[in-house]
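What follows is one structure encoded as structure tokens, with my remarks underneath.
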Amino acid sequence: MLSYRLQYPVGFANPQTYSKTEMNSKSHSMSIVQRKAFSSLIGRAAFEVEAIKEEEEKIKPSLTSRARPRIVVVDPKCGKGPILEAVDRLEKLVVKLMYDTSRPQHYLSGNFAPVEVETPPTTDLPVRGHLPECLNGQFMRVGPNPKFAPVAGYNWFDGDGMIHALRIKNGKATYASRYVETSRLKQEEHFGCAKFLKVGDLKGVFGLIMIFLQILRLGSSDISYGLGTSNTALIYHQRKLLSLHEMDKPYVVKILENGDLQTLGLLDYDDKRLGHSFTAHPKIDPFTGEMFTFGYSLGAPYVMYRVISRDGFMHNPVPITIPEPIMMHDFAITENYAIFMDLPLYLGPAMILKGKNVPYIFDGTKNARFGVLPRYAENELQIRWFELPSCFIFHNANAWEEGDEVVLITCRIPDLDLEMLEDIRKPNAENWITELYEMRFNMKTGLASQKKLSSGPVIQYPRINESYTSRKQRYVYGTIINSLAKVTGIVKFDLHAEPELGKDKIEVGGNVQGIFDLGAGMFGSEATFVPSDSGISSSEEDDGYLIFFAHDENSGKSLAIIIDARTMSADPIAVVKLPNRVPYGFHSLFVTEEQIREQVI
């Protein structure tokens, strides 16, 4: 997903750093919350750092042992009253006087627009072709689907998380869609309209006024559970399906036998050590069953690394020291290391006053830094930092070790043009160069190098056969994205072949082993690899299928498409006609039949 530094600058970048007792205390909550709200704009304000340190001191004694996971039922306390009504009236006046509501919003139009209702399980869907037995399970993709119309601005990443699910069993398919029932969504349902600040609001003096109005609303809202949208990614670990958003804790969602989905609550730990937020891109080692994750924050420590055991217990968090707060959307693991990316995308409050599109600053004069830390380090003393030319990275494909080197396969953006995050997309692909790269970090010499593996259009959402996560693999499956952020095809890279560079468009040859072109008017989404029953050996790495949702803008119909990952044939293995439109979204996941049965909840 193409994410952002701040989901809601007044919200309170990490409300969970305060205890629930503090949040519920009427005598104390407004002062703490207002200070934290303001600090989420100015980054490293002294009072925020001090508050975080105080909270960390409270939990230090409990960090000597593993923390047990628990599910927290989300029951926000919010109310209405004359103050809230007055703020609402003032907001309407500000929007009327200062915001052009007639301007088109790309991410609320066409198939980016939200669907208005959830879809209960719809069975016996029409299938052209056949659904292989190894696809028995549930394919899901999460993405933004705002339930209520925005008051003013809107960014694609502001929408409430909705999961679209395709249940496959014995050659038959069932479709369902459900919101992730976040604290944010529950509160807006209570009010009956959008109440929380959006990234799309953060422009100029108007943005600062909207922030002030949001602070005035704090007495009527509840931020103790966080205010994330849970719209970014999904992962399955320790017999739980987790829906993720990098400025919040994970939400636990249960897959029902009929393919329906039920939000159970937030994932937390007995000693509340999940103080920082939780990345949308944790990594699971398929050999050990452990999950590796991190969170980033506007207050020191800016990055916190965590290891979660196979049975779900969290080990002692490890703070990672970096000079200042950044956005770190992804990271990677190898058999023995974790790789962190200190890239020069900073929160820039001054950009709000300048009327820029998002409150970030990308500093192309600063190098990209990569920190390589032993996976089970108890502190950061052993981290090794490497530098490469300035860039930004949203998504990594995989990483592994070769001799003295740590190898990272990633999608590199040489010069991040923040116009791509604007609500009105400019049709110019040159503003968004994203290429597949191989980066190497020599643990013996301390030197780093990089090699371009693709050229031409934007390559994003890289996926692999996840049986090879943290180990050397050969194939990468990426999406080809046009300037309107629409997926036009799926491409297969062979890392054992030399790339043919210098082309304006991507085509088969060199390390490009195959392309599935969706055709005119048809657009897709991230493709997830599902191995066949025998696709587990290194010689059969690509023995499996790619599954993804697609939408035909000519007919207005949405589909689920399954293709052969080995041949990348233009003739799909199966096409499932869906009963309702599936908007364009972010990341996807396949959960096996066995995993569905093994859910502990």
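Keep in mind that glycine also has a Cβ here, set from the backbone N, Cα and C atoms.
Fair warning: this is a prediction, and the values are worked out from it, not measured in the lab.
Around H329 (Fe cation binding site), a 10 Å sphere centred on its CB holds 24 further CB atoms from the protein chains shown. The feature Fe cation binding site is assigned by TrEMBL to H281, H329, H395, H587.
Counting only same-chain residues at least 6 apart in sequence, those with a Cβ under 8 Å from the Cβ of H395 (Fe cation binding site) are H281, H329, D330, T410, C411, Q460, Y461, P462. All protein chains included, H281 (Fe cation binding site) registers 22 other Cβ atoms within 10 Å of its own Cβ.
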